[in-house]
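Worksheet for the structure shown next.
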Amino acid sequence: QLQSKILILTICAAGIGGTFQYGYNISIINSPTSYIQTFMNETWLERTGVPLKSNVLLLLWSFTVSVYPLGGLTGAVVAGPMAITLGRKTSLLLNNVFVIIAAVLSGFSRMAKSFEMIMLSRFFTGMNAGVSMNIQPMYLAESAPKKLRGAVALTSASFTALGLVLGQVVGLREILGGEESWPFLLASNVVPALVQLMALPWFPESPRYLLIDRGDKESCMSALQKLRGNSDLSAELEEMLAEQVAVKGQRAKNPWELFQNPTLRWQLMSIIVLSSAMQLCGNDSMYFYAAYVFQEAGIPQDKIPYVVIGTGSCELIASVTCNMIIDYAGRRPLLLGGYAFMAGWAIVFMVALSQQTQLSWMPYLSMACVFAYILSFGIGPAGVTGVLPTEVFDQMSRPAAYMICGSLLWFNLFLVGTAFPFIVKSLAHFCYVPFLVVCVCTAFYVWFFLPETKGKSFLEISEEFKKRNFRAQTHAVFYKGPEEIKSTVL
């Protein structure tokens with residue numbers, strides 16, 4: 001069927017230059033670590049005649065790594081205004097400029113004998129990831145039919161995991177991870193950017209954006225026909241027109257306006273809790289531990305990079321599985337199950353780490369925990385968290401909600417990256433206690449406060465949250481009939 005093909009191709013065109021870059025750029029920096037540090041030292045020695053002290057070198061490297069989430073934070077902040085003024089598709093296309101600049105900087109850094117170019121390039125790749133992490137799920141969820149909305153928006157997480165695995169593969173010594181080829185490895189992110197620049201212009205803009213933000217009914221119909229074909233569009237168009245009426249006379253909101261609006265209290269609370277938990281749950285730190293755990297399990301040092309690819313593949317398999325079941329299972333069970341399982345595995349992992357030297361089979365249990373933890377994260381929190389802001393906010397609040405989500409995501413990534421070595425130092429085998437607390441608290445929040453959004457229109461979801469936000473008032477005016485009905489109109 002041609003139309004389902006067009007939707008699939010739209011997903012691929014948006015994903016390859018979108019969240020794919022986030023996963024890819026996180027993993028390609030790992031394999032050339034020692035080579036880049038040597039390059040920094042040699043460059044400094046050439047400039048000043050004095051080698052870098054080990055603590056200064058570590059500081060420079062830490063800055064090179066942490067400037068990526070700093071760029072991501074900047075990207076998340078500019079993504080909202082970009083999505084509103086330029087539209088979803090144009091923003092994704094323009095976003096590739098950041099990667100092209102980054103690829104030029106890192107590709108020529110060795111030739112120019114400048115490690116500062118690598119730092120700057122990491123900032124620009126971060127900006128690209130910050131924009132795409134916000135705009136891609138918004139673009140795809142607004143373009144998808146209601147019954148497939150969860151699965152389509154969730155492909156953003158699958159592309160992140162795919163980027164992670166491909167980054168690990170390309171970073172192998174035999175491909176681009178060698179001493180001579182690391183500048184090419186860092187510049188290889190230009191390839192997905194060029195693919196997107198060639199492919200995405202052929203696909204339609206978000207129909208919702210065209211109708212509700214631009215007021216262009218003709219373009220909206222044309223985009224819908226491209227995406228849905230000859231199927232009956234009246235129900236979908238009616239729903240969009242109802243939302244257009246509901247937000248009539250409003251302009252796109254700023255992030256601080258969401259905090260001031262009592263009708264958005266629970267929506268805001270939900271995305272703040274879930275976006276923070278996504279980075280504070282310790283999944284990224286599992287990758288940090290992976291090499292150590294595999295070494296303890298007796299895997300030879302030179303084979304560890306290949307086994308680490310298995311951890312990335314785990315997340316990819318889990319997010320593809322989640323993709324297939326989200327619109328059947330619903331959002332709540334996947335989030336709840338994901339965090340509950342992660343809490344369980346965190347306990348087992350800490351026990352296994354503490355007994356690592358006592359029992360011969362413990363390293364294998366630690367190894368199983370690494371895979372199980374990453375699988376639990378991939379099956380729920382990894383993907384569902386990115387879908388929710390699209391579903392629980394209306395068209396005028398959505399870009400601002402994604403700005404808040406993205407800012408929290410990147411700030412917490414920076415926080416965990418900075419704090420984790422100190423947590424390990426002070427808590428040793430019990431370093432997963434803070435992550436365990438986060439997982440348990442988030443699971444409780446989802447159980448008690450998050451409504452299910454599966455199969456509901458955006459207006460129905462808004463109504464459900466409105467009941468929660470105004471529970472007291474609703475009880476007070478329940479008998480008034482018509483007045484109460486009037487008050488539930490957005």
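Just so you know, glycine gets a Cβ as well, placed from its N, Cα and C.
Sequence annotations record features per position, and here TrEMBL assigns domain 'Major facilitator superfamily (MFS) profile' to 11-454. TrEMBL lists 7-24, 58-80, 92-112, 118-139, 151-170, 182-203, 334-353, 365-388, 400-424, 430-450 with the feature transmembrane segment.
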Contact check, the transmembrane segment (118-139) vs the transmembrane segment (400-424), 3+ Cβ pairs under 8 Å, seq sep 6+: yes
Cβ pairs under 8 Å between the transmembrane segment (92-112) and the transmembrane segment (182-203), at least three: yes
Long-range neighbours of the transmembrane segment (400-424), counting only residues six or more past its ends (CB under 8 A): 65-66, 69-70, 72-73, 75-77, 79-80, 83, 126, 130, 133-135, 137-138, 252-255, 257-258, 267-268, 271-272, 275-276, 278-280, 282, 284-285, 288, 389, 392-393, 431, 434
Selection from 7-24, 151-170, 334-353, the stretch that has most Cβ pairs under 8 A to the transmembrane segment (430-450): 334-353
Highest-contact recorded stretch vs the transmembrane segment (182-203), from 7-24, 151-170, 334-353, 365-388, CB pairs under 8 Å: 7-24
Feature contact check the transmembrane segment (7-24) with the transmembrane segment (151-170), CB under 8 Å, 3 or more pairs: yes
